[in-house]
Amino acid sequence: MEETHEPKKHSEKEEIEDGLSSKTEAPHLPEFTFKNVCNDIINGVIALFMDPFCNAIVVPILVVFTSIACKIVIANVKYTEIDFKTYMQQIDMINDGELDYSLIAGDTGPIVYPAGFVQIYQWLSWLSSGGEDIPVVQSVFGYLHTLTVLLTCCTYSLVGDVQPWAYMLIVASKRLMSIYVLRLFNDCFTTACMVGVTLVLQAASYWFDTLGSTLVFLLTLVAADLYSMAISIKMNALLFMPAFLIVVYFLCMENILKLLAVILVMVLVQVMVGWKFLLVLFHDEDANYLRMTYLQRAFDFKRSFLYEWTVNWRFVPEEYFTSKLFANFLLVCHISVLIFFVISRFFSSKITGKSLVTLVKDGFKPFNTIASTNLYVNKKQGPKLILLTFATTNTIGVLLSRSLHYQFLSWYCWHMPFLLYSTGWGPIISGAMWAVHEWCWLTFPSTIQSSAILVTILSFTLATVWHRGENWYGS
C-alpha cells in the first residue's frame with residue numbers, strides 16, 4: 001500500500017512547485033522596437049491628459065509652473081497701475097487716524113471695501129514702504145496665485161475622478177495671471193479664502209464618518225471664520241452664501257442650532273475685523289455716525305457700475321444697462337435660477353434622502369435629523385457635491401450680476417474648469433470653450449460679440465451641468 005501511495009504524493013508536490021514557478025515567471029514584455037517605443041510615448045502623453053492616476057504627477061508640475069510663470073511675468077512685463085496707488089492713499093489716511101469712511105478716498109475714488117481689505121493692504125503698505133516697492137507686492141500676489149492654484153487642485157483631488165486636462169486649465173488663463181501679478185486687486189485674497197472654505201467643507205464631508213459630529217462641527221466653524229474673512233475683504237463672497245448655508249446645514253446633521261452657531265461665528269468675525277470702525281464700546285452721536293457710515297459704504301448694495309467697463313452686458317443698450325428696471329430684472333432672474341437649482345438639485349430627494357416637505361419640517365426640529373443616505377456626507381459623492389454646489393451657485397451669481405469688470409474673472413475662474421469637466425463634453429470641446437471664454441475676457445474693450453458669447457458660454461455650461469444627473473447623484 002505504501003509503494004502505491006508514494007508516487008502520488010510526489011507528483012502532487014511537483015505540481016505545486018511547478019505552479020509556484022509558473023506564477024513567479026517574468027511577465028511577457030512586448031518586443032523592443034521603435035514602433036512600440038513610440039506607442040508607449042503616445043500612451044504616456046494621453047495618460048497625462050486623461051488618466052486621473054496621473055494627477056499625482058500633473059499637480060506638482062502645475063504648482064511649480066505657476067510659481068515660475070509668476071516670476072517671469074513680474075520680471076518681464078510692465079506693471080499696470082489701476083487702483084493700487086488709490087488703495088495705498090486710502091490706507092495712509094486710515095493710518096493717520098481717519099475713521100470716517102465717507103472721507104477716506106484716493107485718486108480713483110472713495111473706499112468701498114470692508115475692514116478686512118484695510119488690514120490686508122495695511123500689511124502690504126508696511127511690507128512695501130508705503131506701496132513704493134511694487135515688485136515686493138507683486139511677489140506677494142505671485143505666491144498668493146500659486147497658493148490658490150494648489151488649493152484649487154486639492155479641491156479637485158477630493159472629487160477623485162477629475163481628469164488631468166481639467167487641472168491644466170486652472171493655469172491656462174493669461175487674464176487671470178495679469179489680474180494677480182500686474183493689477184494687485186483685492187479680489188484675489190477673497191478668492192483664496194473661498195477656495196479654502198470649499199476645501200475645509202469637502203474635507204469635513206470626506207472624513208464625516210471618521211471624525212464624528214463634534215470635529216465636523218468644528219471644521220464648519222473654521223470654514224465660517226474663513227468665509228467671514230472673505231466677505232470682509234470684498235462682498236462678492238456673498239454670492240456663495242446659499243451654497244455655504246446649505247452645505248453647512250447638512251454637515252451639521254441638519255441641526256438648526258448648530259447652523260445658527262456657525263452664523264454667529266461669522267457675525268463675530270465681522271465685528272472683530274471691523275472693530276476699529278464699528279466702535280463697539282462707544283454709543284455717542286459721533287460713534288453712531290462713524291459706525292453707520294462704515295456699514296453703508298463698506299456694504300453698499302446699491303453701487304452703480306460704469307457701462308464702459310462692463311464685460312458681460314455690452315450687448316445691452318447703455319440706457320437700459322443703467323436703469324433700475326434692468327437691475328431688478330437681473331435680481332429676479334438670479335433668485336429664480338437659484339431657487340430652481342436648490343429645489344431640483346441641492347434639495348433633491350435623491351441627494352438628501354428625504355422629500356422636500358420632510359426636509360422643511362425637519363428644519364424646525366432642534367436636533368440631528370439627517371438621513372443616513374444623504375449624499376452630502378457620503379465619502380465618495382460628498383466632496384464632489386460640495387464643489388458642485390459652490391461652483392454652480394457662484395456662477396449663477398456671476399452670470400446674472402449687475403456687471404462684470406475685468407478683475408472679476410478671479411471670482412469664478414478657479415472652478416470653471418471643473419464645471420467644464422462636469423458637462424461631459426470631453427477635453428476637446430471643453431478646451432475650445434475655455435479658449436473662447438478666455439478670448440471674451442482678453443477682448444478690451446468688450447464688444448457686443450464678446451459679451452454675448454460670454455453670457456452664452458456661462459449659461460450653456462450651467463444648463464449642461466444641471467442636466468447631467470450623474471454629476472449630482474453618482475453613477
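Note that Cβ sites are derived from N, Cα and C of the backbone, with glycine treated the same way.
Here Swiss-Prot flags 1-56 (among others) as topological domain 'Lumenal'.
Taken from Swiss-Prot, the feature compositional bias 'Basic and acidic residues' applies to 1-13.
Swiss-Prot lists 1-22 with the feature region 'Disordered'.
Marked as transmembrane segment by Swiss-Prot: 57-79 (among others). Counting same-chain residues at least six beyond the ends of the transmembrane segment (57-79), those with a Cβ under 8 angstroms from any Cβ of the stretch are 48, 134-135, 138-139, 141-143, 145-146, 149-150, 153, 157, 164, 167-168, 170-171, 177-178, 180-182.
Mapped onto DSSP helix, strand and coil, the topological domain 'Cytoplasmic' (80-98) counts 12 helix, 0 strand, 7 coil. Here Swiss-Prot flags 80-98 (among others) as topological domain 'Cytoplasmic', drawing on sequence analysis.
Here Swiss-Prot flags 99-121 (among others) as transmembrane segment. Sequence-distant contacts of the transmembrane segment (99-121) (same chain, six or more residues past either end, CB-CB distance under 8 Å): 82-83, 85-91, 93, 186, 189, 229-235, 270, 273-277, 279, 289-290, 293-294, 296-300, 303.
Summarised as a single figure, the pLDDT of the topological domain 'Lumenal' (122-139) averages 97. Sequence annotations record features per position, and here Swiss-Prot assigns topological domain 'Lumenal' to 122-139 (among others) based on sequence analysis.
The annotation transmembrane segment is assigned in Swiss-Prot to 140-160 (among others) on the grounds of sequence analysis.
Marked as topological domain 'Cytoplasmic' by Swiss-Prot: 161-187 (among others).
Taking Cβ pairs closer than 8 Å, the transmembrane segment (188-208) reaches residues 120, 141, 144-145, 147-148, 151-152, 154-155, 158, 179-180, 216, 219-220, 222-223, 226-227, 229-231, 233-234, 236-237, 240, 244, 247-248, 251, 376-379, 382-383, 385-387, 390, 394, 410-411, 414 in its own chain, all 6 or more past its ends. Taken from Swiss-Prot, the feature transmembrane segment covers 188-208 (among others), and the record attributes it to sequence analysis.
Taken from Swiss-Prot, the feature transmembrane segment covers 211-231 (among others), and the record attributes it to sequence analysis.
For 232-236 (among others), the entry in Swiss-Prot reads topological domain 'Cytoplasmic'.
Residues of the same chain lying 6 or more positions beyond the ends of the transmembrane segment (237-257) and with a Cβ under 8 Å from any Cβ of it are 190, 193-194, 197, 201, 204-205, 208, 213, 216-217, 219-220, 223-224, 227, 230-231, 263, 338, 342, 346-347, 352, 359, 362-370, 374, 376-377, 386, 389-390, 392-394, 397-398, 401, 411. What Swiss-Prot records for 237-257 (among others) is transmembrane segment, and it gives sequence analysis as the kind of evidence.
For 258-261 (among others), the entry in Swiss-Prot reads topological domain 'Lumenal'.
Outside the transmembrane segment (262-282), and at least 6 residues removed from its termini, the chain residues within Cβ reach (under 8 Å) are 99, 101, 114-116, 118-119, 220-221, 224-225, 227-229, 231-232, 245, 248, 252, 290-291, 294-295, 298. Taken from Swiss-Prot, the feature transmembrane segment covers 262-282 (among others), and the record attributes it to sequence analysis.
Per Swiss-Prot, topological domain 'Cytoplasmic' is recorded for 283-322 (among others). Long-range neighbours of the topological domain 'Cytoplasmic' (283-322) within the same chain, counting only residues 6 or more positions beyond its ends whose Cβ lies under 8 Å from a Cβ of the stretch, are 99-102, 110-115, 235, 274, 277, 399, 401-406, 408, 440-441, 445-448, 450-452, 454-455.
Taking H, G and I as helix, E and B as strand and the rest as coil, DSSP gives the topological domain 'Lumenal' (437-445) the counts 6 helix, 0 strand, 3 coil.
Long-range neighbours of the topological domain 'Lumenal' (122-139) within the same chain, counting only residues 6 or more positions beyond its ends whose Cβ lies under 8 Å from a Cβ of the stretch, are 74, 79, 84-85, 87-88, 91-92, 94-95, 181-182, 184. Among residues of the same chain six or more beyond the transmembrane segment (385-404), those with a C-beta under 8 A of the stretch's C-beta atoms are 155-156, 158-159, 194, 198, 201-202, 205, 239-240, 242-244, 246-247, 305, 309-313, 321, 327, 330-331, 333-334, 337-338, 341, 345-346, 351, 375-376, 378, 411-412, 415-416, 418-419, 422, 455, 458-459, 461-462, 465-466, 471-472.
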